[in-house]
């Protein structure tokens with residue numbers, strides 16, 4: 001009989017023995033492996049926290065008590081324990097459950113996450129709200145050691161300690177960043193100190209020593225120094241105690257018989273407490289334990305062998321082209337340095353890091369620092385290339401404006417995962433960068449339509465004396481044969497790809513490919529539609545675009561970005577400034593967060609594939625007035 005299938009709510013965990021909970025942990029791991037082997041997802045992180053998740057739900061009264069998961073990569077066991085077993089096979093699929101905690105999905109999901117280092121801030125805010133209402137519920141932030149490289153986490157630790165809030169922070173140390181398990185003695189010392197009685201006795205002893213005549217304060221200082229020296233010698237606890245937290249741990253995150261009592265003791269303590277739990281990423285699946293980075297975010301794989309199913313041949317990815325090209329460029333230009341924020345492999349920079357270790361910087365999950373660090377490099381004559389996912393560049397917006405663009409520094413931004421990314425959904429789609437970059441003074445923004453244009457954009461970036469960004473998508477490139485050498489692009493110059501007399505499509509970025517196919521479809525219906533690749537979001541090629549708009553009288557803009565403030569808006573502004581009365585249809589993403597699904601499903605749903613573009617143009621041409629996505633200038 002399956003314990004997982006019969007579990008109605010996490011409250012039932014309180015009635016199970018440790019042996020039964022261990023059986024349940026095994027069933028959860030099996031279900032996660034079975035599902036992710038089919039759907040893909042964040043496997044290693046979730047396998048590493050199965051026992052921790054069980055222990056938290058065993059000790060806490062969820063959903064009254066709240067667990068805030070940092071990033072959310074590790075939340076699969078949490079989802080299985082909180083009523084989503086029957087839908088777990090839809091994980092990360094169109095219309096299915098999210099790969100991250102999502103408040104609208106379950107009352108057990110306390111906070112929507114997807115980006116790193118936010119959990120302590122959110123949980124602290126919830127604790128402050130509780131105190132305003134004189135509540136008693138508990139709030140727990142679960143954060144990985146990698147996420148602690150984000151400065152926001154330390155900002156929250158600082159406030160929590162200063163305000164002495166009742167808050168529990170679980171540091172999930174999966175041996176990837178901070179520390180190894182530091183041994184039995186340290187574990188024993190700290191585990192003994194979790195007892196509520198011991199903590200109370202410790203405080204009473206401090207009070208007693210403090211009141212001893214004449215020498216009391218000196219005795220108290222000596223006692224505290226002795227305690228700190230002993231613990232600091234064996235553990236990293238002093239760091240967190242300096243923030244005003246009581247430190248507990250390290251604890252073995254896979255031993256329920258010790259983890260549960262420790263958490264029960266911690267739950268009754270006053271003030272902020274940090275519990276250091278050591279886990280193994282990929283626990284229970286040998287291939288993931290041996291290669292946790294590969295199985296961090298993984299596609300479908302063979303669950304018997306762990307072999308990841310290779311995609312069907314085809315061209316290299318845009319990311320791969322970027323990485324190999326930058327490595328080759330760095331051989332010819334020793335000013336080029338590469339910077340990423342804990343995304344070495346994701347941004348394609350592994351080979352660069354091996355070839356040029358002194359010119360490669362992984363700054364951790366610290367996008368703000370990455371950008372200003374690059375600004376410092378640029379000040380001293382280097383040509384830094386900051387490689388970030390579009391969604392994470394959002395976190396460094398002020399640094400882009402204030403520290404780079406304001407000084408017109410030659411920093412290049414390689415914006416990966418631009419546009420719709422697929423199964424990771426709304427937290428990871430890169431659909432706002434056109435809008436938040438194009439209004440920044442001194443900024444040049446390029447959206448290459450293919451891998452050759454990407455190479456040209458990269459060369460342009462390292463030659464340009466000012467900030468420049470180029471944006472490319474997730475997934476395979478077009479399969480074009482790459483030349484031995486490329487030329488840089490003239491700033492602000494687009495290219496006409498196809499002539500036509502009835503209308504013109506301005507398609508920015510990789511949607512050029514779909515626009516050309518749409519033009520073919522429409523040609524078969526008797527409509528002659530030109531296609532222009534503007535290349536540059538900023539500055540626009542006004543001479544080319546205005547000439548084409550004036551010639552045809554009908555303009556269609558296509559972009560893989562929200563329509564608000566994006567490329568279509570830039571074209572409208574240009575035409576309005578010119579006083580040119582033409583009909584304009586903007587095709588892009590609507591004013592809402594876009595759900596998860598495959599890239600192809602989402603392109604079709606939002607009319608960004610060839611058929612969708614052709615249908616929109618057809619309808620626009622056959623009606624005197626367009627739909628809500630169109631704008632007429634008169």
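Using the three backbone atoms N, Cα and C, a Cβ is placed for every residue, glycine included.
Sequence-distant contacts of residue 73 (thiamine diphosphate binding site), defined as residues of its own chain at least six apart whose C-beta falls under 8 angstroms from its C-beta, comprise 42, 45, 46, 100, 296, 297. The annotation thiamine diphosphate binding site is assigned in Swiss-Prot to 73, 114, 115, 116, 146, 147, 174, 285, 367.
The annotation Mg(2+) binding site is assigned in Swiss-Prot to 145, 174 on the grounds of sequence analysis. The Cβ of residue 174 (thiamine diphosphate binding site) has 23 neighbouring Cβ atoms from other residues within 10 Å, across all protein chains displayed. According to DSSP, residue 174 (thiamine diphosphate binding site) is assigned to coil rather than to any helix or strand.
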Notebook entry, point to check: What Cα-Cα separation, expressed in whole Å, is found between residue 174 (thiamine diphosphate binding site) and residue 145 (Mg(2+) binding site)?
Noted result: 7
Checklist line | Helix, strand or coil at residue 145 (Mg(2+) binding site) [DSSP, three-state] | finding: coil
Notebook entry, point to check: residue 145 (Mg(2+) binding site) has how many other Cβ neighbours within 10 Å of its own Cβ?
Noted result: 19
